[in-house]
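Reviewing the structure listed below.
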Amino acid sequence: VVLCTGAGTVPRRSTGTARGCRDCCLLPGRARETKTERLWRREGKMMMMRDVRIGAVVCLAVLVSSASAFYLPGVAPQDYQRDDIVFVKVNKLDSTKTQLPFEYYSLPYCRPNPIVSSAENLGEVLRGDRIDNSLYQLEMRLDEQCKVVCKVDALTTSQTRDFKAKIEDEYRVNMILDNLPVAMVKMREEDGVPIKTYERGFPVGFKAAIEEGGTEKFFLHNHVRFAILYHKDIETDLARIVGFECEPFSVKHEYEAPWDPVKPSLDTCNPGRMQYVTHGLAPQIVEDGEEIVFSYDVVFKMSDIKWASRWDTYLMMMDDQIHWFSIINSMMIVLFLSGMLALIMLRTLHRDISRYNQLETAEEAQEESGWKLVHGDVFRPPGAFGMLSVFVGTGFQLIGMTCVTMVFAVLGFLSPANRGGLMTAMLLLYVIMGTVNGYVSARLYKMFKGVDWKINTLKAAFIFPGVVFVVFCILNSFIWGQKSSGAVPFGTFFVLIFLWFGISVPLVFMGAYFGFKKEALEDPVRTNKIPRQIPEQPWYMHEIFAILIGGILPFGAVFIELFFILTSMWLHQFYYIFGFLALVFAILIVTCAEITIVLCYFQLCSEDYHWWWRAYLTSGSSALYLFAYGTFYFFTKLDISKPVSGILYFGYMFVLSYGFFVLTGTIGFYACFYFVRTIYGSVKID
C-alpha cells in the first residue's frame, strides 16, 4: 500500500500497481478521470503513435543492426487490468464476389452517437478501410451473456434491399479489437492432428430454404459470440489480448413487452433462466417491417500464446505444404537452367574472344564471322532513344522501391499487423526513388547524344505515373458510382497529387540535373558513319518470336508465387512470407539477366546489331504472360459476375503487368548493356 503526499496534492490510498501509483495523486478541485475516458485517451495516443511510426520507418531501419531482439510488427503491447473497458471497432464490409468494400454503417446496424472515425494512414484509405467506433464494448476478463446492443423497430424497404444485396454478394463484417481482426475458427486436420485456422470476419447473413424444396430466404446474423483470448502475467496480474474470435448466430429474439431500452429482458437469451443462443433457435429473417434485436456474448479464455506470436494463427495458410514444395521446386529448376546457361555462355565467349584476339593477318580478319563483325554498329543509338532512356530510368525507380520495400518487409516492419503499411511504404519509396529515375535516364540520354534533357526529364517524371493515374481515376469513377468506401476521397487525391508534383517531379529533375552534368559514357569501340546492312535472319531469330520466347523463363520463376500474391489481393487472405518473396525476386533478376544476355548473344552472332529495344522487350515480355495468367486466374479461381468488379480486376491487373514490364525490361536491358560493353571491350579492334 502506497500513501501519496506532496505539495498541492490530495493524499489517496492506492494499490501498489503502476496504475495505482499514477492515479493516487489528484490536484485539488480536479475530478478524477473515469475508466472509459482513460481508455479513450489511450486509444487516441496509440493511433497517433502508429502514424508517427509509419513516417519514421526509414530511420528505424538504421538502428536494426545494433538493436537487440524485439517484436517489429504492429503496435507496442497493451496491458489490461481486470475490469478494464475494451472497445471494439468496426471496419469495412468486404466481399470476394464484388471486390467493392462498403462502410459498416452503410447497413442499418446499431450506431453510436456520435460515430468517431479512427485516423487512417494513406495505405488504409487506398485499401478502402473505414474504421469507426461501435456500441460493442467489453469488460476485461468478465464473461457476459445476452448483451443487447439495440433494437431496430421495423426494417424499411431500402434497408431490407441493402441487407439482401449484401447477403447475396456474400459480404463479411470486419471488426478490430486491440489491433486484431475478428475471425471465425476453422479446424483442419494435418497428419491426424487438428489445427486451428482463422477466416477473417463473419458473414452478414445467409440464404436458406425453410422447407425442403422451398424458396430460399435471407437470414441475418444478429447475434455474435466473441471469444477473447488473453495471456496473463502471473506476477502483475496484467493481461494482453492475443486472439479475437467470433461465432455468428441468427436468432429471432423474443422479449417481454413492453420493451425496456435500459434493461431489456429477452426470452430467447436469458442467463438467469439458463437460456442461451444456439443454432437451433428460429433464425432472424430479413423482410420488410421485421423487428431485429442485435445482441452479443463475450467469453474470455486464458491462452498460452505469447503476445509476439498472436498473429501466427491469422497467418497460417491452408495449403502451406503445397506452397513450400512448389517454391522449392521452382527455385531448383530455375537455378539449374541458370547454371547451364551461364556455363554455356562462359565457354562460348571465352573461345570467341581468344580466337578474335589471335587473328593477325588482314585475310584472317576479313574471313571472321560472328558478333565482332558488327562492332562498328553495335553502339549506334536506337530509334526513339529518348523513350528508351525514360523506361530504363523508371525501371530503376521501381527496382529501388521494390528492393527497399522487400528489406523492410523481411525485417517485419510491413507485416499484416500494420494495416496499410505496405502500400504506404511503397508509395513513399517510389516518390523518393524519383532521384534515381532522373539520374539514370539523363545519363543514358546523354550517352545517346541527346541534347533536350529537360523534355526528356518531363517524360521520365510523367509517363509511367501518368498512365497509372489515368487508369486509377477511371477505376475510381466506377467505384464512386457504386457508392463504395473503396472510392478515394478528394483529400487523398490532393495528397497523391502533392506527392507526385510536389515531391516526385522535383526529385526526378534533381537526379537528371546531376546525371546530365556528368561526363557521357564512352563506347568501347568507334561507331561507323554508314550503317552496316543486316543479313537475312532465320525464322527463329525474328523479333516477335525471340521476344515472346524470352519472357517465358522469367515468368516461370515467379508464377507459383504469383498465385499466392493474387490470392492475398483478391481473396482477402494475408500474405506474409516476404523471405521467400525476396528469394523469388532475386531469382527473377538472375533469370531476366541471363535469358536476355543469351538471346542478345545469338542476335549479335547473326550480325543483327539492333539490340537496344529488343533487350528491353525480351525480359519485359514476361508481363504478357503475367496478364494472361491473371486472366486465367479470374475465370478459374474467382466468382466475380458484376461488370464493375470485372473492370476493376482487369484494370488493376493492367497496372500490375505494366509495372512488371517496366521492371523486368530494365533488368534485362541493363544486364545486356553491361554484357555488350564488356565483350566488345575485351577484343582488339583495329
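Heads up, the Cβ atoms here are built off N, Cα and C, so glycines get one too.
The transmembrane segment annotation in TrEMBL covers 52-72 (among others).
The transmembrane segment annotation in TrEMBL covers 324-346 (among others).
Below 8 angstroms of C-beta separation, residues 57, 60-61, 64, 71-73, 421-422, 425-426, 429-430, 433-434, 436-442, 444, 456, 459-460, 463-464, 578-579, 581-582, 585, 616, 659, 662-663, 665-667, 669-670 of the same chain, each at least six residues beyond the ends of the transmembrane segment (390-414), sit close to that stretch. As annotated by TrEMBL, transmembrane segment applies to 390-414 (among others).
For 420-440 (among others), the entry in TrEMBL reads transmembrane segment.
What TrEMBL records for 461-481 (among others) is transmembrane segment.
TrEMBL lists 493-516 (among others) with the feature transmembrane segment.
Among the features that TrEMBL reports, transmembrane segment is placed at 544-571 (among others).
Long-range contacts of the transmembrane segment (577-602) within the same chain: residues 323, 327, 330-331, 334-335, 337-338, 341-342, 344-345, 348-349, 371, 402, 406, 409-410, 414, 541, 546, 549-550, 553-554, 556-558, 561, 565, 611, 614-615, 618-619, 622, 664, 667-672, 675-676, each at least 6 residues beyond the stretch ends and with a Cβ under 8 Å from a Cβ of the stretch. Feature annotation from TrEMBL assigns transmembrane segment to 577-602 (among others).
The transmembrane segment feature in TrEMBL is assigned to 614-635 (among others).
Taken from TrEMBL, the feature transmembrane segment covers 647-676 (among others).
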Do at least three C-beta pairs under 8 angstroms join the transmembrane segment (647-676) to the transmembrane segment (420-440), pairs 6 or more apart in sequence?
no
Counting only residues at least 6 beyond its ends, the same-chain positions whose CB falls under 8 A of a CB in the transmembrane segment (614-635) are 388, 391-392, 543, 546-548, 550-552, 554-555, 559, 562-563, 566, 570, 592-593, 595-596, 599-600, 603, 646, 649-650, 653-654, 656-658, 660-662, 664-669, 672-673
